[in-house]
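If you check TrEMBL, you get these features:
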type	residues	note
COMPBIAS	1-10	compositional bias 'Basic and acidic residues'
REGION	1-97	region 'Disordered'
COMPBIAS	19-41	compositional bias 'Low complexity'
COMPBIAS	42-54	compositional bias 'Acidic residues'
COMPBIAS	65-79	compositional bias 'Basic residues'
DOMAIN	144-355	domain 'Peptidase M24'
BINDING	HIS212, HIS320	substrate binding site
BINDING	ASP232, ASP243, GLU447	divalent metal cation 1 binding site
BINDING	ASP243, HIS312, GLU352, GLU447	divalent metal cation 2 binding site
Amino acid sequence: MTAVTPEHEVGNLSLNGSKGDAPKANGAAGKNGTAGDSLDPGSDDDDEADDGDEPQNGQQDGGAAKKKKKRKPRKKKKAGAVGPSGGGAKGQSAPPRVLVSRLFPDDSYPVGEEVDYKNDNAFRTTSEEKKALDRVNSDFLTEYRQAAEVHRQVRKYAQKTIKPGMSLTEIAELIEDGTRHLTGHMGLEEGDNIFGGVAFPTGLSLNHCAAHYTPNAGNKVTLQQSDVMKVDFGVHVNGRIVDSAFTMSFEPQYDNLLAAVKDATNAGIRSAGIDARLGEIGADIQEAMESYECTINGQTHPIKAIRNLNGHTISQYSIHGGSAGKSVPIVKNSPAASTNEKMEEGEVYAIETFGSTGKGLVRDDMETSHYAKIDNAPKTALRVASAKNLLRGIDKNFGTLPFCRRYLDRLGHEKYLLGLNHLVQAGIVQDYPPLVDVKGSYTAQFEHTILLRPNVKEVISRGDDY
């Protein structure tokens, strides 16, 4: 879920993603996932012999047995590889309905892409002190890796299934139902969504709309062959939020737009790390993205980084890191880059980039669907009865996790718009309208969640797809 450049300066406080406790989520025991090299989940320890290991009837030459073939050594997968399925586990159904915790009964979820620190932080890779600090975070890592594996398996199915002609409501429910089933939290019982499941509304933003669009009830919009759709969804286990996004298109004329943004996101991930300056990361992202251009309907467009959209820190139950959150700019001269802030050990970041064929600047437009209760919101006397009832429901079912109007409908809330607007006006709930560039332009997004562990950087949401 996207962070917009604020008018005021970004907060200077650091945020440690490993702090904070909450009730354990189902299937998230305190065992650490396998770090480093790992075998395919479900693979046996013993290799099968190659054909020809035994003499075959009728294949002897002068009474001599056929020479055995040399046994090939089994290859280990690099850290972060999640298997040829892209979901990292065998036995998932279609649509995905099998609990991920059942596919990994010992909680050894696939490790994300691990990247050693460099230069002044190279010592961290071999430091026994830093390794010991990392081991202390075993529950934190297990929960994050479980959420990341759910994200990979759900998006694998979504990428195969989503086709032009489907309604946006159908697509959103496909993703959200998969997330709920795989985490084991359907979110219908009071408080269940706090333990795990959907971390924020599924963003399905089309063409010039860059972010924060999900269908409200009654939405009739369908996906078209000529559309460029950003798919931004989150999974959480015990408030550990995996925020990752990709872009889908169905015509090759958009390929360069998608390639530019994917390249820019990877440039940001490469530059990110402990002590990395946020402004320098923005410069690297912009340089990568704006080296591309694309030709759409016969017209060539330079690809521009959307300068008022940013990556962001993530903390437990807070998608934008709360009041102490930091923003990761995607251009070098962004206000978010002016504070000279650095990334710090223990922080969790969403590295997301947006490219556009338009102005490279977004504004609020269209009907709002995304909302979230503000952390440490002021206690205000509410005079509207529906606002009081709605706030109780938000506290019990979402806390500070973002939600949308469809989620309130699903929980049985009725005639709540007056109360919801009252909560927004009272400064208790924040609304997040859709963000759009100029009409006729096309935008794309790619995003990953990274953990700045004491001894290694882990791109927790990395998969075979992006």
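Heads up, the Cβ atoms here are built off N, Cα and C, so glycines get one too.
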Point to revise | Additional residues around divalent metal cation 2, ordered along the sequence, whose Cβ is within 8 Å of the centroid of ASP243, HIS312, GLU352, GLU447 | key: MET1, THR2, ALA3, ASP232, SER244, ALA245, GLY311, ILE314, TYR349, ALA350, ILE351, HIS448, THR449
Check your understanding: Rounded to the nearest angstrom, how far is the Cα of HIS320 (substrate binding site) from the Cα of GLU447 (divalent metal cation 1 binding site)?
Key -> 14
**Study point:** For the binding-site residues HIS212, HIS312, the one whose C-beta sees the most other C-beta atoms within 10 angstroms
**Key:** HIS212
Study note, to complete from the structure: For ASP243 (divalent metal cation 1 binding site), the number of neighbouring Cβ atoms whose distance to its own Cβ is within 10 Å equals 29
Review point. How many neighbouring Cβ atoms, not counting its own, are there within 10 Å of the Cβ of HIS320 (substrate binding site)?
Key: 24
Exercise for review: Using C-alpha atoms only, work out the spacing between ASP243 (divalent metal cation 1 binding site) and HIS320 (substrate binding site) and round it to an integer in Å.
Suggested key: 10
Check your understanding: When the Cα-Cα distance from HIS320 (substrate binding site) is computed for each of the binding-site residues ASP232, HIS312, GLU352, which gives the smallest value?
Key -> HIS312
Check your understanding: Of all the binding-site residues given, namely ASP232, HIS312, GLU352, which is spatially nearest to HIS212 (substrate binding site) at the Cα level?
Key -> ASP232
Practice item. Name, in the order they occur in the sequence, the residues of the same chain whose CB lies under 8 A from the CB of GLU352 (divalent metal cation 2 binding site) and which sit 6 or more residues away. Key: THR2, ASP243, ALA245, THR265, LEU309, ASN310, GLY311, ILE330, GLN445, PHE446, GLU447, HIS448
